[in-house]
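Student: Sharing a structure with you now.
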Amino acid sequence: MVRKSFLSHNKTIWGPLELVEKLYPEAEEIGASVRDLPGLKTPLGRARAWLRLALMQKKMADYLRCLIIQRDLLSEFYEYHALMMEEEGAVIVGLLVGLNVIDANLCVKGEDLDSQVGVIDFSMYLKNEEDIGNKERNVQIAAILDQKNYVEELNRQLNSTVSSLHSRVDSLEKSNTKLIEELAIAKNNIIKLQEENHQLRSENKLILMKTQQHLEVTKVDVETELQTYKHSRQGLDEMYNEARRQLRDESQLRQDVENELAVQVSMKHEIELAMKLLEKDIHEKQDTLIGLRQQLEEVKAINIEMYQKLQGSEDGLKEKNEIIARLEEKTNKITAAMRQLEQSDNDLLTQTRTIAMSLVKCASSDTQDQYKLVKDISF
């Protein structure tokens, strides 16, 4: 039960719904849309439009949950024993979450949300034991319901048509007012243009008079200049003939100069061609000279390398000569030793022969003494 409202002394639900905008920033769009809707004059109509928009956004449970959480703020609008102040309010808000599965598309514009909804008599839809077997009455009720639905649909269409006609009439009135203002502005512009046209015509007449006077003065001056031209034409013809002759001479001179210039240009082209050939030959010779220099550097490097190798071979040759000299010296020593050995062998052989001859002569000597003597001689 609502205790008070900001709009009037009547009890309305619009006050708590306005509080939702402060608690839930996303609800500001709904509040602004409800305030901008034409035809809503009562807080009850605004509350109905707000509930329809929240249902279409599928955020009815979220908005009301914000109110349930802030119960200290709701105490300004509800009695302490009201349903929104009890625990059952949170249960109801939880049940409202099931409405999010419904894609609601409710009409807000053109609906009469300010007037009180009439009481619908559902007694005819209730069944009792007496009406179970009465088929004719059920048929009549179905026909009545069809007629009622048709009339409601027709009424809704007529209301929408009337609303559209009202909007068209308003737009036509606005356009008519705008056209009247534009017509007044156009009339004022026509009056200004007429005044400017009259002023321009008067100025045109003055300019025409001045132009005629100037033409008369100019005509007299032209006649005077024509007489002067006729007198000076003869002298001009003579000057023209003289200038023509000079032009002919200068043309011939120019032709000669152009021929000479063509010869000079051809000679210049030939000189440029010869210079290009000479540059090409110079470049080729420079390339050849660079190649020869590279070859010379390579030959120098080879000569240096051969010289180094020659020095190395000379050093090796000197070492080999020294070795050969040493070997020859050793060979000479060995030869001398061999000669000495040969000489000693010859001496030994001579002694052996002598001893053999003495042994033959001394056959009677003891054999053992001869053996020792031979062994001593051999050593």
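From the backbone N, Cα and C atoms, a Cβ is placed for every residue, glycine too.
For 1-111, the entry in TrEMBL reads domain 'RUN'. The coiled coil annotation in TrEMBL covers 169-203, 240-347.
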Student: Determine how many residues of the domain 'RUN' (1-111) DSSP places in helix, in strand and in coil.
Tutor: 68 helix, 2 strand, 41 coil
Student: Determine the mean pLDDT over the coiled coil (240-347), rounding to the nearest whole number.
Tutor: 83
